[in-house]
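Novice: First the structure, which I've put down as structure tokens, then a few questions once you've had a look.
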């Protein structure tokens, strides 16, 4: 925290929107994970770091999953492997537009 907050004194909001997604955004468009971050901040506000780690773990985990999409990517990879396996066995034929043989678009 700076000793003299010039942005606040002059009413400027130059980079504050970068630090917290829940902050007011320049074009009034909420970020992808705004709701999850807001829930986590509301849960953790005022109870301290140690208690917040325990009591707000669900909200924090939801927020981190929204940011990093690790579970989603893992699931997508599993689905893709299963699809490739079925194609190799001959049990599944992808549609022509998925393999690049569809009609060209205008």
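Keep in mind that glycine also has a Cβ here, set from the backbone N, Cα and C atoms.
Taken from Swiss-Prot, the feature disulfide bond covers 33-66, 43-56, and the record attributes it to sequence analysis. Look at Swiss-Prot and you will find 30-74 tagged as domain 'CHCH'. Look at Swiss-Prot and you will find 78-106 tagged as region 'Disordered'. What Swiss-Prot lists as motif 'Cx9C motif 1' is 33-43. The motif 'Cx9C motif 2' feature in Swiss-Prot is assigned to 56-66; the stated evidence is sequence analysis.
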Novice: Within the region 'Disordered' (78-106), count helix residues (DSSP H, G, I), strand residues (E, B) and coil residues, in that order.
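Specialist: Residue counts in helix, strand and coil order: 15 helix, 0 strand, 14 coil.
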Novice: Just the number: how many Å between the Cα atoms of residue 33 (disulfide bond) and residue 43 (disulfide bond)?
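Specialist: Their Cα atoms are separated by 16 Å.
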Novice: Between the Cα atoms of residue 43 (disulfide bond) and residue 66 (disulfide bond), what distance do you get, rounded to the nearest Å?
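Specialist: Rounded to the nearest whole number, the Cα-Cα distance is 17 Å.
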Novice: Could you give me three numbers for the motif 'Cx9C motif 2' (56-66), the DSSP helix, strand and coil residue counts?
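Specialist: Grouping H, G, I as helix and E, B as strand yields 10 helix, 0 strand, 1 coil.
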Novice: What are the non-local neighbours of residue 66 (disulfide bond), defined as same-chain residues 6+ apart in sequence with CB under 8 A from its CB?
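Specialist: Non-local contacts for residue 66 (disulfide bond): 32, 33, 36.
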Novice: Counting only residues 6+ away in sequence within the same chain, which have a CB under 8 Å from the CB of residue 56 (disulfide bond)?
Specialist: 40, 43, 44, 47
Novice: Taking each of the disulfide-bonded residues 33, 43 in turn and counting other Cβ atoms within 10 Å of its Cβ, which one has the fewest?
Specialist: 43
